[in-house]
Amino acid sequence: MTQTFESDRAWTLLRQARAYLTGHFALTTGRHSDQFFLLARLTERPDWLYPWAKELAGRLTPYRPAIVVGPAMGGIIPAFAVAAQWPGTRMLFAEKEGGAMRFKRGFQIEPGEPVIVVEDAVTTGGSVAQVIEAVEGLGGQVRAVGALVDRSQGSLAFSAPFEAVLRAPNIPAWEPHECPLCRQGVPLTRPKQ
Ligand SMILES: [Zn+2]
């Protein structure tokens, strides 16, 4: 019997890892929220991450690539873990430079090579779109995009099919002057610092 990775189990694992928090948070956008994803707390434990990677690789198997690419930094560990599910698959990462994503460190993609892009969480999909551009700039073919958590509310339109282990519900974010938690005097935290 194949074990399926149900979303209940995914949420339980996120809470156990303290990778999903509830409280009062300052986001990098300057807005405030009552929920926060801190996926580094999940990926810091390979034994916690591997069921997610296995699930994502299973969903992406129809697009099986020669290369899995992760955007630095958040995508590197999930991309590595997904690539590890397919023997012989390479794993590269792209880095931000001058407002674009680039391959450095001597990484090579041959024209026509099939590629999957894997990210930890996607919201606007900006980094993933830049990685797709970088891959295509080298002649690679992006077959699919994968993420551990999809926070986009279905708003993304990548040039390739998109799979995520968990689709997050709509998470509210407020401008500080409109934040109900500020009004209640709940202490504000910045989990990534
Ligand atoms: Zn607030």
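Each position is counted from 1, following the chain as shown.
Just so you know, glycine gets a Cβ as well, placed from its N, Cα and C.
For the 5-phospho-alpha-D-ribose 1-diphosphate site that TrEMBL gives as Glu119, Asp120, Ala121, Val122, Thr123, Thr124, Gly125, Gly126, Ser127, the extra residue drawn from Lys96, Lys104 is Lys96. Of the listed candidates (Arg9, Arg64, Arg90, Arg151), TrEMBL assigns Arg151 to the same orotate site as Phe36, Phe37, Thr123. When the neighbouring Cβ atoms lying within 10 Å are counted for each of the binding-site residues (Lys96, Asp120), the highest count belongs to Asp120. The average pLDDT computed over the domain 'Phosphoribosyltransferase' (61-156) stands at 96. Phe36 (orotate binding site) sits 19 Å from Gly126 (5-phospho-alpha-D-ribose 1-diphosphate binding site), taking the CA atoms of both as reference points.
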